[in-house]
Amino acid sequence: MASTEESSWRNAIFTQLQFRNRSQTEYFQDLIAAHNRLFENVDTLRNENLHLSLQNEKLRTEAVASGSSTTGSNSASEARLTERIQFLEQKLLSQQEELTELHRRKGENAQQIIDLNIKLQEKEKLLSNKEISLADSAACISSLRAEIRMYQSSIRELENLNQTIRDEHQALQLAFASLEEKLRKLQEENRQLLDRLIHYKTKDAEKMNEENDNFLKKKHAKVQKELEEACKDVRAVNMDDVQEGLGPMFTSALPTKVTVKFDAHEGEVNAVKWGPDQHIVATGGADRKVQLWDISKGTFKSRGVLVGSNAAVMSVEFDCTGTLVLGASNDFASRVWSIADQRLRVSFSYYMYAIRANYVPPGIPQIVRMTTLLKSSNTYCIVG
């Protein structure tokens, strides 16, 4: 198992090296082949030059050795030999020039190889930088993928939560629809009940008006009967009580002086009413307040301030027990306060159904029960 793994990674390294060698040398194959051909030509020319030099030296040696004995007879061969030597020297000169040219080209090729090696090193540095940047990018990509997975899981959780909220919203909408339907039915039932209540109150008002008419008729008949009896009663007049031209003397009960004077409100006083016990006085003014005063001892003392009105109080009234005070103001509303704790108990304004009598005798206040259509609550108003 271990040997197999070792051979596998060695083969992998060898394969990578071969690939790197091919990828780095394929751009210089033509240059390397030309350089190798130049080296081969240089070697060939060097060998030929050496061979020709040896032949030239050999011929010169032979010519010097046989020059004394064969001067006359071999003039023709000497001439040919001289020509051959000149030819060989020319050939040697051309070979030397070609060799020089090859050396020059070899230097140029070597310089090109150096330049290309420098460029290759620069490319390798650039490649290493690219590899480092690629590794950083790969690390960044891996971190971004992890973040993407995290965001995807968060999105799935949010989608599940959103679906749950949608289900709850639908359930709440269904509940709201049912409650709205119940409310509509209750409002319709309330309207019917209010219509019936108004009908009954109308009947009660008619009945009370009828009773008031009967009471007025009886009282009128009683007053007329008393007047008739008074006309029949003839009594003597004491002449001592009669002055000339003035008739009988009667004692005047009109007030002659001011007993108590005080500032009840911060502005105009619109209404004044005595309480049933004749000790408490209620005043209403333009400052939107109802003041309670105790003047039983000949001096004034504030017993409380009733607030809650939105406009000037124009009229005040006590109930028959002296525990409640009714105030009517310019905001089209009437309010009832309790004297004991001075708290606002009832406030009613427009959309109010009230029972009103055609006439109530003075000094006989009546508490008439009324119902406000706005709040459907029972309130009380004093009619007098």
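Positions of Cβ are set from backbone N, Cα and C atoms, glycine also.
Just so you know, TrEMBL annotations are computer predictions that nobody has curated.
According to TrEMBL, the protein carries these features:
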- 13-209: domain 'Autophagy-related protein 16' (DOMAIN)
- 42-105: coiled coil (COILED)
- 141-203: coiled coil (COILED)
- 262-303: repeat 'WD' (REPEAT)
- 306-347: repeat 'WD' (REPEAT)
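Break the repeat 'WD' (262-303) down by DSSP state and the numbers are 0 helix, 20 strand, 22 coil. In the repeat 'WD' (306-347), helix, strand and coil residues by DSSP number 0 helix, 23 strand, 19 coil.
This prediction places the mean pLDDT of the coiled coil (141-203) at 94.
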